[in-house]
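Colleague: Please see the structure below; I have some questions.
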Amino acid sequence: MELSLLRPTTQSLLPSFSKPNLRLNVYKPLRLRCSVAGGPTVGSSKIEGGGGTTITTDCVIVGGGISGLCIAQALATKHPDAAPNLIVTEAKDRVGGNIITREENGFLWEEGPNSFQPSDPMLTMVVDSGLKDDLVLGDPTAPRFVLWNGKLRPVPSKLTDLPFFDLMSIGGKIRAGFGALGIRPSPPGREESVEEFVRRNLGDEVFERLIEPFCSGVYAGDPSKLSMKAAFGKVWKLEQNGGSIIGGTFKAIQERKNAPKAERDPRLPKPQGQTVGSFRKGLRMLPEAISARLGSKVKLSWKLSGITKLESGGYNLTYETPDGLVSVQSKSVVMTVPSHVASGLLRPLSESAANALSKLYYPPVAAVSISYPKEAIRTECLIDGELKGFGQLHPRTQGVETLGTIYSSSLFPNRAPPGRILLLNYIGGSTNTGILSKSEGELVEAVDRDLRKMLIKPNSTDPLKLGVRVWPQAIPQFLVGHFDILDTAKSSLTSSGYEGLFLGGNYVAGVALGRCVEGAYETAIEVNNFMSRYAYK
């Protein structure tokens, strides 16, 4: 899910929700000789008496979603000597995880994440995947809206706009200004929720009218439970480093000025302003392009049923594949599946790590794509006769179920036929788990009913339903204590001797598609460092 309309710097990524294969097949132990501790080797052979095949490799990446694919790409492009022989295994018959792009009758829509922030790491992945010419960027001047008191109100895109927008009262703006300068209650000395941090630093209006809907758009979460440190760490660090949000901002600016500037890759595009990106044929182009480059290293319909530690070092992973049972022996393993899936797979290795990972929560979210004729848009919502903007967010206090709406056909070109408007709507989340009991028709009705309150003319014809995708376990919630849970899981694996077994994915790196890519580069560095040490053992 991705509705980061207030600042296009965080987009969320719907995680995979395939159920863990809790039935761990027990096979008779087999004595296998494998050059796991030596130089990089790869090969396959029949397992004598086992009726299957064994493969030896440097690194196995479990999960062919965007995190797993990007880790493989990062290793191949940035650390080619670390794990020259690697494989990416995916239980489904396609790559991409929750990136699902559909195209039909002149419409092109997303049923998972909708876009990404074009940061340099993201653009590096785009260029290395051969997609530079397919990149499309939204208009950085396009407005974003928040529903308040029955009206869609624009959100300021820069500080100089603050005095002039009507989403907040004069008193609310003054309270936010003083708080940002440090004239506010002191920190409580414990981990704060997003709600606690924002109300203390910026006041009630900023929280209720800006941050609460922002949390719904990014995490589909409850800001009274989300951790400020874990969910919005960059803002949290401003107060930590500078004594206040403004103080931290100036300090960060000064540090950037004094820091040595690395030369920017000349291959990368130069986006103008703060915007979001996609591709000519939708987000699916990225996982498909990476998979094509990896070729036979990507294994589809490979279901991991068990993982054990080898006495000689490394790991043995047992897979059920279309070609039968396969045993993979690898020096390192990266788990990029959702935390609840990883928990089931890792329980035989570490009860403590599995218990920690099982605590993470993923609420349900539905992505509802519908279309209206252009004339269905209310006149007061048009700019120069057109629906313009990124989209709109809906605070939970405003009497609508829908978390927010992306103006898909306004954001990127060629998303809808002439005369039609394409809207991607998200509904559900931590505060509305009841969507799981609703049919597709009921979800469309709920979204349509909400839109007629502020965007669509009440007497317009029924919308054209394009797609309804329900994600029962959608977005990992970075709740208070999230980092403690991750630390427990990682330290439990390390203390039990499971070196070279890494945790990755959006519950580790962050829910934004861009953060998954940045996290992939970070994980690739970890694997490279481990493999460098491994070579000298």
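In case you wondered, yes, glycine gets a Cβ from its N, Cα and C as well.
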Colleague: Say a student had to find the N-acetylserine annotation in Swiss-Prot: which of S35, S305, S332, S339 would be the correct pick?
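Modeller: The N-acetylserine feature in Swiss-Prot corresponds to S35.
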Colleague: Determine, from DSSP, whether V511 (FAD binding site) sits in helix, strand or coil.
Modeller: coil
Colleague: What does the DSSP secondary structure composition of the compositional bias 'Basic and acidic residues' (256-268) look like, as residue counts for helix, strand and coil?
Modeller: 3 helix, 0 strand, 10 coil
Colleague: For G65 (FAD binding site), name the DSSP secondary structure in the helix/strand/coil scheme.
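Modeller: Where G65 (FAD binding site) sits, the three-state DSSP reduction gives coil.
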